[in-house]
Structures are given as C-alpha cells and as structure tokens.
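Q: TrEMBL lists A:9-29, A:64-87, A:108-128, A:134-150, A:182-204, A:248-269 with the feature transmembrane segment. Residues or ranges marked as domain 'ABC transmembrane type-1' by TrEMBL: A:62-270.
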Amino acid sequence: MKRSVSNRILATSFAGGAFLLAALFLWILGDILWRGLAGIDLAFLIQNPLNAGRSGGIRSVLVATLYIISLSIVIAAPLGLLAGMFLSELCHVYPRISRLIRQSLDTLAGVPSIIFGLFGNAVFAQYLGFRVSILTGALTLAVMILPFLIRSVEHSLRSLPAYYHRSAQALGLSRTTIMGHILLPAALPGLSTGLVLGIGRALAETAALVFTSGYVARMPGSVFDSGRALSVHIFDLAMNVPGGSTNAYKSAAVLVALLLIINLAIMALGHMRNRRRGEPNGC
Amino acid sequence: MSRQSADRLLSIGLMAAGLLSGVLLLFIVLFISMESWPVLHHTSLSTLLTSTDWRPSMGGFGLLAILVGSLSVSFLALLLAAPLGLATAFYLSVYAPPKIAAFGQKLIEVMAGIPSVVFGLWGLVTLVPIMVHLSPPGTSLLTAGIVLAIMIAPTLTVFSLLAIKSVPMATVQSGRALGLGRGTILRTIILPQARPGIVTGILLALARALGETMAVMMVAGNVVHIPTSLLDPVRTLTANIALEMGYALEAHRAALFMSGLLVMLITLVIVMAAGFKSDGTDKAP
C-alpha cells in the first residue's frame, strides 16, 4: 500500500533525525568530559591559576564564581519570592496589573544575556559606581535570573491543591498565616527546584559577566574586587591564551559536572513534588 | 501587630516586589536606548543602518554588515536546527519506545542547560580543525551556523514536545480506534492542533540564535563584511559588543550599545510574536 510505505519513510527519517541529534549531543558531552576529566586532579581544584591559566588550577576562579552566584541568589531570591507570591496570591485582587507584570517578565526572560551585560555595565558599574566587580556581576545576574525565579515560585504555589487555601480560609486564618504556615512550606520542593534552576542558569552565564564582573583571575578580597567566573575563565583560555585549551577543557568539564549535579538535584526535587496530588489552584 | 495590619503589610510588600520586577524590562530598554543615543550626534540613523563601514577609530559606525552577519548566522542555524529538532520531537512523542523517549527527553533537557561557552570551546577545538579541510582557517558562517544549530535545537524540541503533549489524548485515541497509522495520526490529528506551539518553539529558537554571543564569537571569524559564501567569516551584533566593549569609549561605546539595542529590539519583536501566538498563561517553567 502506498500510504504505509510513505508513513514508513516518514518514521525512518524522524528516527534518523533524532538519532543524529542525539549523536551530536553525546559527541559534545563526551568530548568535554573525556578530554577534560582525563587531566583533572585535586591540585587543579585547589591551586591558583598560573601563567595566564595555562598551568596551575582554578582555585581563585571557583571562589569568585561562588561569590558571584551566591550573592546574586541572595539578591534575587527574596524579590523573586515576594513577586511570585504576588502573582499567584493577589492576581484575583489585581488582575490587570498581574497580567502586565507577567507579560513583562515573559519578555524579560527572552532578552539576550549580552544585553543584561550592557545594562549591568552601564547601571551598576558606571552610574552606581560599583565598577567592574563581583557585586556588579551578581546584580546583573540577579536581574537576569529573576523572571525564572518568579515563574517557578508562581508555578509551585499555583500547583498546590486549591483545598489547602480554601480550608485555611474557612478556618478564618489570616492571609499572612496562610502564606507563611501553610502554602510556603507545602510549596518548598517546588521553590527549591526554582532556586536550583536559577543557580544553574547563573553558573552557565558568560556574556553577561565579561564586562560586569570582569577578567581578573586573582583571588578576590571583597565583593568590590573584580573576579573571574568559571565560564569566563573557559572563554579566556580558549580564545585569548595560546596553549590554554587543555586547561579550558578541564575547566569546562568541572562546569559541566557541576551542572549535571544540579540536574540530578532537580530530578530528586521533582520526585518529592510529584507525590502530592489534587485540584490545582487556578487564577 | 494586629492581623489586619500584618495582612496589609504583606500585600504592600508583595505588590512592591511585583511592580519592581514588572518595570525592570522597561528600565532596561530605556537605559540601553539612553546609552546608545550619543552615537546619533555623530552618525545619522540611516547611515548606521545602511553603511558597511565599521571603523570606530576613524569614526565609521556602519552596522549593516554586522546586522547581515547576525541575520545570516541565525537563519542558517534555524535552517539546520528545524528539521533535526522537529524530527526529534515527532520521534520522541509518537514513535519511540518509552525508555528511549525518556532518555531522549532527559538528554535534551541537559543539553539545553549546557553553557554556550562550552559549545564554543567544542566548536573551536574540535569542529574548526575539521572545517579547515573545507577552507582555512575554518572559522566561518557555516561553522557558526552548525554550532548555533546544535545549541538551539533543544529549545525547538522542548517547545514542540510541549505542544504535542498538550494535544488532547482523546483525539489521538479516537484516531487509533479508527485504525489509523502513527504517521497519519501525526499528520491529521496531532500536527494541526500542535502547530501554534511548534511555531512558538521555532520563533523562540530564532530569538535565542540572534541573542547568542559567546559560542558564535568563538567560531565565526569575526571579520566585518557582508558574507558572500558559507565559508566566509562573519561578525554578529552580539560578538561585536563582546569583542570591543573592553576598550570602547564615548561614541564607539554608544555605537556598541546601539548594536545591543538592535539585537534587543529584533529579539523582543520575535519573542512577543511567539507569546501572542501561543497565548498560554502557563508556559514551561
């Protein structure tokens, strides 16, 4: 039959495309992990970079990365939590404003990361006078991951069963008590997933950091010093340092390994989240 | 504190946080525009957009060649990624055995989170030496298009999978009950309903390609000229910023912000078109 032959050709070509893409992905992942992990030892993690990064390790780079990421989370998480609560809990009260904010955040999530870098350089480094520093980089990343944090807070509060909210209201509990004692604790796995996703995004970022937190590979003394993030280190070794690609590969393997760990954490959290079922709380 | 005043305080706090996050986008657009304004005292907007003469030290701020570079790299990447990404989405959702489908989906999620600088590193160290055989030095429009295609394919696949999964199961099952084959079900039942979501995925992948910086800069060659062949080196608007921001001052710096403004406006139009198409209140988290 003609129909079934054409269907079979279709099926084969789809499978072919899927396997080609999977092969490319596995090639890249394998290339990075194989070449990178081969040369990694403890010394690489605990020594400072030497000779522009060609030799030595990535100690100061890891420290700077840790500073940048944790500071950006400290800045973005409270704001993200409050804004996410606004969008999920007060959207009945302010439907028009909530819709506008949501659209604005969705659009913000699509802004290219280098634009955040320009913005951070102009506002935080120049106007606010923080110069190229860990603080500037962290503020820039905070703005960048904010839409994702808010989305996940809103999403995880919304996916709680509606009867949580209704029974608490029927008991005459105040909004503050309902939020603080019932909804937020119940949404904790979802909130943590959002946080971990945000960390992953921040860790993967390069373009927004190159001219906000900068290139300096020295051990940062405070958040007002420039600090070189791991992703920036990989970029610099690969592009600007002849003979730097061995250590670039090692650093990339460390970065990819960190991201894979983050992925596993998200999977574990997702498992916790799926145990609860019920009619979701729509807006 | 009484419960009313605690509740009021909470509401005010939530509202303030919501409004602050809501105005960020506006603030960014305003700031990038303000910073790029000074270049217009120097060169008119029409010259900026129609001249290919980019020599900042001589006062040449023509962005046309770089704009063409951005567009050609992005569309090439989309052209390569769309067939692969869509085939993968169709295979994983309709044909694949459950175990392979689960593995494939996990692999795509992992790849979507791999940093662009890692793709760039792979491109520079592994792909460029292969491309040298076609034409030295190996960094070119084609190389950048390939690396970028691999990067945006997960976006395309994830959104297409979401769209296909949101097709009501009942319609698919009635197709099966009628004895239709998988290909027929895909063509006549799934595709018509999933099309808006798939279009959204394609648009968002294009926006991601246009905004991508590091990977492209590492493998595109970065020469400012309008490419005449796939093997020509190109420079994109984003790479232009990253390459020159370090030492740019005054009008030159403003011209780089203008590059950024252009990229941002183009991607925002695409992202908004994608948003209006899908019109879903709840996209992927």
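Each residue's number is its place along the chain shown, starting with 1.
Heads up, the Cβ atoms here are built off N, Cα and C, so glycines get one too.
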Q: Which one of these stretches, A:64-87, A:134-150, A:248-269, has the most C-beta pairs shorter than 8 Å to the transmembrane segment (A:182-204)?
A: A:248-269
Q: Tell me, please, if the transmembrane segment (A:134-150) and the transmembrane segment (A:248-269) are in contact, taking contact as 3+ Cβ pairs under 8 Å between residues separated by 6 or more positions?
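A: Contact absent: fewer than 3 Cβ pairs fall under 8 Å.
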Q: Using a Cβ cut-off of under 8 Å, list the residues of the same chain at least 6 residues beyond the transmembrane segment (A:64-87) that approach it.
A: 98, 101-102, 134-135, 137-143, 145-146, 149-154, 157, 179, 191, 194-195, 198-199, 202-203, 209, 213, 220, 223, 227-230
Q: Do any residues of this chain, six or more beyond the ends of the transmembrane segment (A:248-269), have a C-beta under 8 angstroms from a C-beta of it, and if so which?
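A: Tertiary neighbours of the transmembrane segment (A:248-269) are 29, 32-33, 35-37, 39-40, 44-45, 58, 61, 189-190, 192-193, 196-197, 199-200, 203-204, 230-231, 233-234, 237-238.
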